[in-house]
Amino acid sequence: MTPEYFLRSLLMMILAVFSANASNWLYLAKLSSVGSISEEETCEKLKGPIQRQVQMCKRNLEVMDSVRRGAQLAIEECQYQFRNRRWNCSTLDTLPVFGKVVTQGTREAAFVYAISSAGVAFAVTRACSSGDLEKCGCDRTVHGVSPQGFQWSGCSDNILYGVAFSQSFVDVRERSKGGSSSRALMNLHNNEAGRKAILNNMRVECKCHGVSGSCEVKTCWKAMPTFRKVGNVLKEKFDGATEVEQKKIGSTKVLVPKNSQFKPHTDEDLVYLDSSPDFCDHDLKNGVLGTTGRQCNKTSKAIDGCELMCCGRGFHTEEVEIVERCSCKFHWCCFVKCKQCHKVVEMHTCR
């Protein structure tokens with residue numbers, strides 16, 4: 001494959017990413033690298049309707065690989081968090097990558113938008129701290145001595161830069177259209193909730209200095225939570241998401257709980273407009289793979305149990321042989337040696 005052909009192919013894929021759906025940029029996760037976007041002329045060829053994205057590309061060529069990594073993080077975390085649910089974040093080789101699931105105003109779409117905006121903020125911030133980007137570095141506003149008496153030092157994660165870039169890049173489609181439709185307001189709210197899942201869970205990491213670890217001096221820095229922590233927080237918000245509707249207060253359109261008996265949602269909560277399908281049956285047109293063939297837990301009464309996972313269709317049971325580590329022993333010094341044991345277990349899959 002010639003460099004020219006590769007570049008043309010890459011441009012066609014990225015052009016598709018910036019069309020139609022606001023979450024189509026997630027398709028960048030399926031590209032091995034976007035390093036070929038290294039000249040402003042390349043960005044000019046992105047003839048998508050959102051010119052501000054083209055301008056961002058031109059001004060931030062080096063950041064695009066972090067956007068790709070953010071998309072990968074988002075998809076991987078979504079698949080982990082929903083691994084035991086009927087909808088398990090399966091991706092398609094088409095646009096949008098989650099199918100039409102994200103084009104509906106469901107709570108699943110709310111999670112996808114939140115984890116995606118968080119993924120970009122996280123990946124860009126990590127690139128800043130790693131010294132991979134010229135435009136940003138560590139957070140130099142964190143310095144001096146803290147009220148607790150330790151010295152701020154090291155490389156504090158520049159989360160504000162990552163959040164600002166995520167806002168500019170991820171929110172651009174909704175904001176370019178005025179951001180006043182019900183769906184635009186929903187997307188913008190969930191995008192921000194995703195970023196707040198990082199901001200509100202920043203932690204302080206420290207290192208002791210002194211003779212024999214006496215900690216005569218302690219230096220600390222601010223660090224982002226793990227992305228697994230971010231995913232856990234947003235999954236909890238998904239479980240307690242608020243169904244909303246649009247209401248006009250004065251000249252401003254806002255989202256309010258559809259049930260007036262419910263308390264107003266906060267900036268950290270996820271919101272949705274439409275009820276979710278049951279995800280039971282195969283419907284590739286809408287990006288729903290169904291649950292036929294999915295593994296289930298025979299003894300569980302939760303959503304991963306065979307009764308709920310299989311939507312009442314029943315399940316198959318077969319015996320399979322697995323190999324696992326066993327009889328592990330620690331040997332001085334310093335390794336663990338295990339045997340391989342063969343074990344026959346029952347595996348249950350939905351009809």
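Backbone N, Cα and C define each Cβ position, glycine as well.
The disulfide bond feature in Swiss-Prot is assigned to Cys78-Cys89 (among others). Counting every protein chain shown, the Cβ of Cys89 (disulfide bond) has 22 other Cβ atoms within 10 Å. Following the DSSP three-state reduction, the secondary structure of Cys89 (disulfide bond) is coil.
For Cys128-Cys136 (among others), the entry in Swiss-Prot reads disulfide bond, with the evidence type similarity to another entry. In the three-state DSSP reading, Cys128 (disulfide bond) counts as helix. Sequence-distant neighbours of Cys128 (disulfide bond) (same chain, six or more apart, CB under 8 Å from its CB) are Cys136, Gly137, Cys138, Asp157, Asn158, Tyr161, Gly162, listed in sequence order.
Under the heading disulfide bond, Swiss-Prot lists Cys138-Cys155 (among others). Taken residue by residue with DSSP, Cys155 (disulfide bond) is part of neither helix nor strand, so it is coil.
Applying an 8 A CB threshold to same-chain residues 6+ apart, the list for Cys220 (disulfide bond) reads Ser146, Phe150, Gln151, Trp152, Ser153, Gly154, Val204, Glu205, Cys206, Lys207. Among the features that Swiss-Prot reports, disulfide bond is placed at Cys206-Cys220 (among others).
In this structure, Cys208 (disulfide bond) is part of a beta strand by DSSP. With a 10 A radius on its CB, Cys208 (disulfide bond) counts 12 other CB atoms from all the protein chains. The disulfide bond annotation in Swiss-Prot covers Cys208-Cys215 (among others) and is backed by similarity to another entry.
Taken from Swiss-Prot, the feature disulfide bond applies to Cys280-Cys311 (among others), supported by similarity to another entry. Under the DSSP three-state reduction, Cys311 (disulfide bond) is assigned to coil, being neither helix nor strand.
Swiss-Prot lists Cys296-Cys306 (among others) with the feature disulfide bond. Listed in sequence order, Cys296, Asn297, Lys298, Ser300, Phe315, His348, Cys350 are the same-chain residues at least 6 apart in sequence whose CB falls under 8 Å from the CB of Cys306 (disulfide bond).
What Swiss-Prot lists as disulfide bond is Cys310-Cys350 (among others), and the listing cites similarity to another entry.
Taken from Swiss-Prot, the feature disulfide bond applies to Cys326-Cys341 (among others). Of all the Cβ atoms in the protein chains shown, 11 others lie within 10 Å of the Cβ of Cys326 (disulfide bond). Annotation note: Cys326 (disulfide bond) sits in a strand segment as assigned by DSSP.
DSSP assigns Cys338 (disulfide bond) to a strand. Residues or ranges marked as disulfide bond in Swiss-Prot (evidence: similarity to another entry): Cys328-Cys338 (among others).
Within the same chain, no residue at least 6 positions away in sequence has its Cβ under 8 Å from that of Cys334 (disulfide bond). According to Swiss-Prot, the disulfide bond annotation covers Cys333-Cys334 (among others).
Residue environment of Asn88 (N-linked glycosylation site) contains 16 other Cβ atoms, counted within 10 Å of its Cβ in all protein chains. Taken from Swiss-Prot, the feature N-linked glycosylation site covers Asn88 (among others), and the record attributes it to sequence analysis.
Look at Swiss-Prot and you will find Asn297 (among others) tagged as N-linked glycosylation site, backed by sequence analysis. For Asn297 (N-linked glycosylation site), the count of additional Cβ atoms within 10 Å of its Cβ stands at 16 [all protein chains shown].
The annotation O-palmitoleoyl serine is assigned in Swiss-Prot to Ser212 on the grounds of similarity to another entry.
Annotation source Swiss-Prot lists signal peptide at 1-22.
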Least Cβ-crowded entry, counting other Cβ within 10 Å, from the disulfide-bonded residues listed as Cys206, Cys296, Cys310, Cys328:
Cys328
Pairwise Cα distance for Cys333 (disulfide bond)/Cys78 (disulfide bond) [Å, integer]:
40
Sort the disulfide-bonded residues Cys89, Cys215, Cys280, Cys311, Cys338 by C-alpha distance from Cys326 (disulfide bond) and give me just the closest.
Cys338
Which whole-number value in Å describes the distance between the Cα atoms of Cys310 (disulfide bond) and Cys280 (disulfide bond)?
7
Within 10 Å of each Cβ, count the other Cβ atoms and name the one among the disulfide-bonded residues Cys215, Cys311, Cys338 with the highest count.
Cys311
